[in-house]
Structures are given as structure tokens and as C-alpha cells.
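Peer 1: According to Swiss-Prot, the protein has these features:
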- 2-12: topological domain 'Cytoplasmic' (TOPO_DOM)
- 38-107: region 'Golgi targeting' (REGION)
- 66-216: coiled coil (COILED)
- 80-175: region 'Endosome targeting' (REGION)
- 122-143: region 'Disordered' (REGION)
- 123-143: compositional bias 'Basic and acidic residues' (COMPBIAS)
- 176-220: region 'Golgi targeting' (REGION)
- 253-653: region 'Disordered' (REGION)
- 261-270: compositional bias 'Basic and acidic residues' (COMPBIAS)
- 290-307: compositional bias 'Basic and acidic residues' (COMPBIAS)
- 319-328: compositional bias 'Basic and acidic residues' (COMPBIAS)
- Ser328: phosphoserine (MOD_RES)
- 348-360: compositional bias 'Basic and acidic residues' (COMPBIAS)
- 381-398: compositional bias 'Basic and acidic residues' (COMPBIAS)
- 399-423: compositional bias 'Low complexity' (COMPBIAS)
- 466-505: compositional bias 'Basic and acidic residues' (COMPBIAS)
- 527-545: compositional bias 'Basic and acidic residues' (COMPBIAS)
- Ser538: phosphoserine (MOD_RES)
- 565-587: compositional bias 'Acidic residues' (COMPBIAS)
- 588-599: compositional bias 'Basic and acidic residues' (COMPBIAS)
- 631-640: compositional bias 'Acidic residues' (COMPBIAS)
Amino acid sequence: MGNGMCSRKQKRIFQTLLLLTVVFGFLYGAMLYLELQTQLRKAEAVALKYQQHQDSLSAQLQVVYEHRSRLEKSLQKERLEHKKAKEDFLVYKLEAQETLNKGRQDSNSRYSALNVQHQMLKSQHEELRKQHSDLEEEHRKQGEDFSRAFNDHKQRYLQLQQEKEQELSKLKETVYNLREENRQLRKAHQDIHTQLQDVKTQVAEYKQLKDTLNRIPSFRNPDPAEQQNVTFTHGTHPPQGYNVREKLTGELQEGQQNHDAMPRRMEEKPLSSMQKEAGFQALEEQNQVEPREPEGRQVEEEHRKALEEEEMEQVGQAEHLEEEHDPSPEEQDREWRDQRRQNAAHLLDGRPQAEIEHSTKAATNFRSPYEEQLEQQRLAARRDEEAQRLREHQEALHQQRLHGQLLRQQQQQQYLAREMAQQKQADHEEGQQQYQLRQQAHSDAVENDVAQGAEDQGIPEEEGGAYDRDNQRQDEAEGDPGNRQEFHEPGHQEGDPEAEADRAAAQDINPADDPNNQGEDEFEEAEQVREENLPEESEERKQSEAKQGNVEMDEHLVMAGNPDQQEDNVDEQYQEEGEEEVQEDLTEEKKRELEHNAEETYGENPDDKNNDVEEQGVPNRAHPKGRQEHYEEEEDEEDGAAVAEKSHRRAEM
């Protein structure tokens with residue numbers, strides 16, 4: 001039994017372990033599957049990205065291949081033309097052997113002059129660089145001064161803003177203190193108003209009593225002494241310019257004391273009927289005088305309101321004081337009236353006790369609790385309204401301050417954006433000016449080369465052309481279009497004496513000047529053929545100039561389109577110079593061989609040579625300019641081939 005139980009337990013344990021391993025294996029497989037799915041999605045995204053990149057590269061490569069095919073076609077065409085020009089040039093070399101040495105000497109002298117001019121232009125270029133560095137330093141100093149001034153103004157602005165905020169907080173404190181004082185004065189005015197209502201009830205009772213006493217005939221004729229007392233009481237006037245705010249509490253206490261002492265005096269001193277009548281007469285005269293007295297106080301009230309309005313406007317919160325009833329002058333009048341009435345009441349101490357008790361009871365029970373509650377609610381509503389007005393004013397001031405700050409920030413941002421736009425526009429204009437200068441210098445160089453080639457007819461300027469190309473490439477490597485323009489202008493000016501020398505050399509090899517030729521008819525026929533061939537030569541010259549201009553414009557566009565290509569100009573120039581030197585050496589060797597062969601043939605058969613010259617006189621005279629044009633086209637083709645090779649190499653890069 002024990003073994004069976006153990007085996008069952010072990011079996012259950014094994015089953016649970018197996019189940020757990022299966023579950024964990026399933027979970028691990030699910031996690032591995034999810035991880036592989038995520039990696040697969042990432043790999044698909046990367047593959048899609050690389051596929052798009054490959055498509056873009058293939059499109060770019062297709063464009064490059066198309067450009068390469070066009071360049072190869074143009075190169076093949078130029079090679080054919082170059083081959084044809086070389087054949088013509090070899091024929092031309094035999095005839096131009098004598099003029100070659102002279103052309104070399106002229107080209108050497110020209111090269112020395114151009115070299116001197118090049119050194120001068122280099123010195124000018126260094127001076128311009130120094131001036132540029134000085135201007136950059138001055139610009140940097142001005143920028144530092146501007147930043148310093150801007151920081152100073154910013155600090156000053158922040159300081160002024162802090163000072164204004166402090167002043168504003170102080171003004172708010174003063175406004176709060178003035179409001180507290182106004183609230184206290186309103187409270188005091190409310191107390192005095194309640195006392196005034198009590199006194200009004202007493203005055204009404206006094207009038208009733210006076211009417212009853214006037215009906216009695218014994219009280220209608222007072223004694224002269226009593227009239228003097230009445231006039232004496234009538235002669236007491238209220239004090240003018242009495243300050244309520246300073247003596248308000250003292251008057252209230254005095255009024256309380258007089259009001260409390262009035263019943264006691266009535267009980268202690270019974271007055272005669274004449275004194276009562278005199279008191280009532282004094283009250284009547286007081287009521288007649290009292291309407292005149294507020295006129296003087298009204299002026300003081302208006303003056304005081306104007307002063308308070310000015311104080312409120314300085315704080316930034318001008319309030320309409322007409323809406324807020326300020327009762328300080330009225331309180332003054334009422335206090336004075338109460339005092340007069342109390343003085344008159346002292347004369348009426350002899351009236352019956354029942355009337356006095358009735359009047360005091362009416363005075364004490366005049367204001368009901370409902371009226372007091374309404375008055376308290378009115379005061380609370382007024383205080384809430386004032387607090388709400390103060391909060392609204394503070395919120396308006398805060399919003400105004402925030403609006404001002406936002407406006408200042410917007411103005412500052414607009415100023416900075418305007419400065420950035422002006423700077424960008426200036427940079428853009430400067431770049432356009434530089435590009436126009438480079439383009440103008442390039443076009444001037446092309447025109448000068450074309451004019452110089454047209455003037456130098458009959459001179460194979462192989463070495464001189466190589467020197468000019470070297471100098472031109474050096475100027476382009478230096479990247480100074482102004483120097484390149486000045487470099488070609490003296491060359492154009494110096495072309496006139498060289499052209500005259502070339503014409504003299506061409507006239508030397510003219511068959512008309514040859515002593516062996518004696519046929520004048522042949523010379524006339526040659527002149528006629530030359531005149532007929534002039535239009536054809538002009539057309540060919542125009543075509544060659546247009547072709548040369550197109551090649552140079554393509555080169556300029558390629559150089560301007562890719563700024564990285566401009567950095568490789570110097571290395572390519574050195575390579576091209578080396579290749580040209582090798583080609584020049586080969587051509588010089590061929591020239592020597594041809595000269596040697598020509599001398600041998602001339603020494604063996606001089607008559608045949610003369611005959612050949614006579615036979616070739618007409619075509620030589622007819623095509624001297626054509627050969628020169630072929631020579632110039634050969635140079636242009638060499639330049640175009642070099643440019644095509646450069647562009648092809650850059651396209652491959």
C-alpha cells in the first residue's frame with residue numbers, strides 16, 4: 001500500500017512536472033515566435049527602406065548613365081573633328097615652319113609679360129584678402145558692440161520693469177488703506193444717521209408741543225429778557241470748516257452725553273412757560289437759518305470730492321464719488337443741528353414727565369430690527385460690490401500688464417525676424433553678385449579668347465596657347481573672377497602687335513613674294529579664290545565660336561552646380577598640365593622629324609619643291625584662315641575633351 005501510494009504521488013508529481021514543462025515550452029515557443037515575428041517585421045521594414053534607397057540610387061545612376069552616353073557621343077564627335085584637324089595641322093606645320101620660331105619668341109615674350117601681370121594681380125589679391133580680413137574683424141567688433149548694447153538695454157528694461165512693479169504694489173497698498181478708511185467713515189456715518197433719525201422724531205414732537213403752546217394766549221407775549229435769551233441762542237452759529245474726520249468720535253460721545261443728560265435736566269429743572277416759548281422760537285429760527293448754511297459747506301464738499309478723485313486717478317482707479325454718497329458735510333450739519341436742538345431742549349426742562357418719557361421711548365424705538373437687518377444687508381452688499389470692483393480692477397491691471405509684455409515680446413521677435421531676413425537677403429544678394437561677377441568674367445574671358453584667336457591668324461600658338469591655358473587655370477583655381485577678367489583684358493590689348501607680326505609672317509610665306517614664282521596670273525587667280533572663300537570662312541568661324549561658347553558654358557554650369565567639384569580643380573589642373581606637356585614633347589619630336597625630312601627633300605629636288613609650292617600656292621592662299629581655324633578648333637576640342645573627361649569622372653564619383 002505504501003509503495004502504491006508513493007508511486008501514485010510520484011506519478012502525479014511527474015505528471016505535473018511534465019505538464020509544467022509542456023506549458024513552459026509552449027510559452028517559450030510563443031515568446032520566441034513573437035520575437036521572431038517582430039524581428040521579421042523589422043527586417044521587412046529595413047529591406048523596404050533599402051529597396052527604396054536602391055531604387056532612388058538606380059534612378060540617379062540611370063540619369064548619370066544617360067548623361068555619360070551623351071558625353072560619350074559628343075566626345076566621339078569631337079574626336080573625329082580632332083582627328084581631321086590634326087591631319088590638316090600636320091599639313092599646315094610643313095608650310096608654317098619658318099613662322100613657328102618667330103611665334104615662339106612672341107609667345108615667350110607674351111608669357112613673360114603675362115607672368116609679370118600675374119604677379120601684380122597676385123599682390124593685389126593679397127591686399128584684397130587683407131582688406132577682407134580687416135572688414136571681417138571690424139564686422140565682428142561691431143557685432144560685439146551691438147550685443148553688448150542689446151544686453152545693457154535688456155538689463156535696464158528689466159530693472160525699470162521691476163521698479164514699476166514695486167511702485168504699482170505700493171499704490172495698491174495705498175488704495176487698500178484708503179478703502180479701509182472709507183469703510184470706517186461709512187460705518188461712522190451710519191451711526192450718526194441713526195442718531196439723526198432719533199433727533200428728527202424729537203423735533204417733530206417739539207413742533208407739536210409748540211403748536212399747543214401757541215394756542216395758549218398766556219404764552220404769546222414773552223418778556224424782553226426771554227427774547228434776549230432767544231436772540232442769544234439764535235446768534236450762535238455753527239463753526240465753519242469743521243473737520244469731521246478728525247473730531248468725529250468726540251462729537252459722537254458729546255452727542256451721547258447730551259442725549260443722556262437731557263432727561264435728567266428735564267426732571268431736575270422745571271422751566272417756565274416763557275422759556276419754553278423762547279426755545280421753540282429758537283428752533284424756528286434755527287430751521288430758517290439752516291438751509292442757508294449747507295451752501296458754504298457744499299463748496300467744501302465739491303472741493304474735497306475733486307481732491308479725492310485726483311488721488312484715485314493717480315492710483316489708476318478713478319471712481320465716481322457722486323455714486324458713493326459721502327456724508328461727512330451732512331454729518332457736520334446734523335451734529336451742529338443736534339447740538340442746537342439739545343441746547344434748546346435745555347430750555348424746555350419744565351414740560352411734563354409723561355411727554356419726556358414718550359419722546360425718549362419714541363426715539364429709542366424708532367428703528368425696527370427689520371430695518372437694521374436691511375441696513376446691514378445693504379452695507380454687506382456694498383462691501384461685496386467694492387471688493388468685486390477692486391478684484392476686477394486688479395484683474396484688468398494684470399491683464400493689461402500681460403498684454404503689454406506679450407506686445408513687447410512680439411515686437412522683439414518681429415525685430416529679430418526682420419534682422420534675420422535682412423541678413424539672409426544681404427547674403428543672397430552678395431551670392432548673386434559674386435555669381436554674376438564670375439559669369440561675367442567667364443563670358444569676358446571667352447570673348448577675349450575668341451577675339452584673340454580671330455586676330456592671331458596664321459600663327460600656330462601651341463606653346464602660347466598652353467601657357468594661356470595654364471594661366472587661366474591658375475586664375476580659376478584661385479577663384480578670383482575680377483583678377484581673371486583683368487588678366488584677359490591686357491592680353492586682348494596686346495593682341496594687336498602680335499596680330500600684325502602674324503600677318504607679316506603670313507605674307508613671308510605667301511607665294512606672291514616667293515622669288516622662284518614669276519607667274520602673275522597665278523597670283524591674281526589666288527586672290528579671286530581667296531575673296532570667294534571669305535564668306536565660307538566667316539561662317540566656319542562663327543560655328544567654331546558658338547561651339548566653343550557652348551562647351552565653356554557647359555563647363556561653367558557643371559562647376560557651378562556641384563561645389564565639391566570646385567575643390568578638385570587644382571589636382572585636375574596639375575594632371576592636365578602634365579598630360580599636355582607630354583603631348584607637346586611628342587608634337588615637337590614630330591616637328592623635328594618633319595623639318596629634317598623637308599630639308600632633305602628640299603636639298604635633293606629644289607625644282608620639284610618649287611613646282612609643288614606653285615601647285616599648292618592656290619590652296620594654301622585659299623585656306624590659311626581655315627587652317628588657323630582648324631588649329632583653334634583643335635585647342636577648343638582639347639579643352640572640351642578635358643571638360644568632358646572631368647564631368648564623366650565626376651559623374652562616376
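Count begins at 1; order follows the chain as displayed.
Here the Cβ of each residue, glycine as well, is placed from N, Cα and C on the backbone.
What you are looking at is a predicted structure, and each value in this text was computed from that prediction instead of being measured.
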Peer 1: Average pLDDT across the region 'Endosome targeting' (80-175)?
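Peer 2: Mean per-residue confidence for the region 'Endosome targeting' (80-175): 91 out of 100.
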Peer 1: Under DSSP, the compositional bias 'Low complexity' (399-423) has how many residues in helix, strand and coil?
Peer 2: 25 helix, 0 strand, 0 coil
Peer 1: Summarise the compositional bias 'Basic and acidic residues' (123-143) by DSSP state, stating how many residues are helix, strand and coil.
Peer 2: 21 helix, 0 strand, 0 coil
